[in-house]
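Participant: When I checked Swiss-Prot for this same protein, it listed these features:
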type	residues	note
REPEAT	11-50	repeat 'WD 1'
REPEAT	62-101	repeat 'WD 2'
REPEAT	110-149	repeat 'WD 3'
REPEAT	152-191	repeat 'WD 4'
REPEAT	223-268	repeat 'WD 5'
REPEAT	278-333	repeat 'WD 6'
REPEAT	337-378	repeat 'WD 7'
REGION	479-505	region 'Disordered'
Amino acid sequence: MRGGTVQINWHEQQPVLTLDFHPVSRRLATGGSDHDIKIWVIASDDSDKKLPTATYHSSLSSHSSAVNVLRFSPSGENLASGADGGGIIIWKLHSTDDGEAWKVQKTLLFHHKDVLDLQWSQDGAFLVSASVDNSCIVWDAIKGSVQQKLEGHLHYVQGVAWDPLGQYIASLSSDRTCRIYANKPQGKSKNTDRMNFVCQHTLVKAEHQNHDESKPPVRAHLFHDETLPSFFRRLAWSPDGSFLVLPAGLCKYSSEVINTAYVMSRRDLSRPAIQLPGASKAIVAVRFCPVLFKLRGSQSDCFFKLPYRVIFAVATLNSLYVYDTESVAPILIHAGLHYAAITDIAWSSDAKYLAVSSRDCFCTIIEFENEELGLPYNLSGTKELDEGNTNCENMKPLKVDSMEIDAGSSKAKIKASSAAVEVTPSPPVLAQNNILMTKDVAEGNATSENDRPSAVDNMEVDVGENKAKMEVTPVAVQVTAPPVSTKNSASSKPTKKRITPIAIN
């Protein structure tokens, strides 16, 4: 693995707000505050020590304001982009004598204010968008018409995700709620059920155990409020639709506030099943690797009982975590990436590259070696998921040491012996920034507190009627210096936090 910040003029020294890889080729599309969409060709450098290269290919210049989000359709034939002011453009790929060109196919105008996020349906026939006007809109991408308007949020809708199995749409807002809409067709039109999404669950608060056992559990908000310093809360479904990961999570233990992401099991979307704490800054984006991987160990070693491994990236305002469902701890931590907030993340279709965009006008590209993440798994053999039957054993999380977490039951349970259980996650891969390293870190002589694991008090988790005490061993995160910048900015080194996923009420 290698990677770092690619120092080229991405968007005329303007913030890069979004990016996405083409599902077939290694084209990378980026959108920024300069009103343009740019297409880049990503390639590996022959030298082992150099970063991947990004070569400019073309520009798409029909927006008149900042481009906040862009996503390729599953087939790669179309590209949808949303901008300030509420405009959405659907671009279509055309073959030309010079190679290829993207031309405007549809312009979708219905949102009254900025579009912050959007997502294609799995068949590429529909599109859902999220806006500052507090609503989501389901579009017929072929006709360019409004299919349905989803209302209910009381503040900006900053993230939206369409279930790959087509049954759910999830939206996340700065009103501190996540709404899960289920498709309940109302009738038939030309022998085809007309989709109709109805709000099935609204996630607002959850019960957190009080450290003082004499006091009852406290109900607290699950998500950050509108003071979160980001316009984006990009949530995501796993490629198989088995679970949903929500960013912008907030968990309060006594006086300590912990940033977290929530994992939702498809079997029970009314409450989070697992939380991923540990980030020093708020989590703003989640993106799943489109490739599923074969198990490296036995199935009983996995955190989720799935016949394959799912890998996903979680971006905070200043760092990147990569998780594997076969591992409790992150398999990769990349900190100190940028001088300003991270805005979006994207995987290439072959899992070769992971890209990150930032408001500091630059993008980071991480390249993985062949089979570094594992051997690809063919999902076509999983009949239950293909048919949408998710009430199977594959959806039940497995034991983590002496803990058994059942995310699908009405109440998550933790079974443990009366003695404390020591959970020691394997160390994650520590990413190195190839642009510049401080001398102490480069020589392995770092002496700052941030470079040493600190003692962590025993953490009590009370879920349902059973109690489990865990002594969690923190993982040291080595932080290397980012590229030298002439801009004044505060250090983005994250402090050490607990990063072991735990079950919650």
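Including glycine, each Cβ sits where the backbone N, Cα and C put it.
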Participant: Please indicate, using numbers and ranges, the residues of the same chain that are 6 or more beyond the repeat 'WD 3' (110-149) and have a C-beta under 8 Å from a C-beta there.
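Facilitator: Residues 68-69, 71-75, 77-78, 80, 82-88, 90, 155-162, 164-166, 169, 171, 173, 175, 195-197, 231-232, 234 contact the repeat 'WD 3' (110-149) from elsewhere in the chain.
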Participant: With pairs restricted to those 6 or more apart in sequence, evaluate whether the repeat 'WD 4' (152-191) and the repeat 'WD 5' (223-268) have 3+ C-beta pairs under 8 Å.
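Facilitator: By the criterion, they touch.
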Participant: What average pLDDT does the predicted model assign to the repeat 'WD 7' (337-378)?
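Facilitator: A mean pLDDT of 96 is what the model gives the repeat 'WD 7' (337-378).
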Participant: Run through the repeat 'WD 5' (223-268) and tell me, per DSSP, how many residues are helix, strand and coil.
Facilitator: 0 helix, 26 strand, 20 coil
Participant: How about long-range neighbours of the repeat 'WD 1' (11-50): same chain, 6 or more residues beyond its ends, C-beta under 8 Å?
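Facilitator: Same-chain residues near the repeat 'WD 1' (11-50) but 6 or more away: 2, 56-61, 63-76, 79, 81, 83, 91, 102, 290, 340, 343-350, 352-353, 355, 357-363, 365, 367, 434.
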Participant: Where DSSP helix means H, G or I and strand means E or B, what are the helix, strand and coil counts for the repeat 'WD 6' (278-333)?
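Facilitator: Counting residues per DSSP class in the repeat 'WD 6' (278-333), I get 3 helix, 25 strand, 28 coil.
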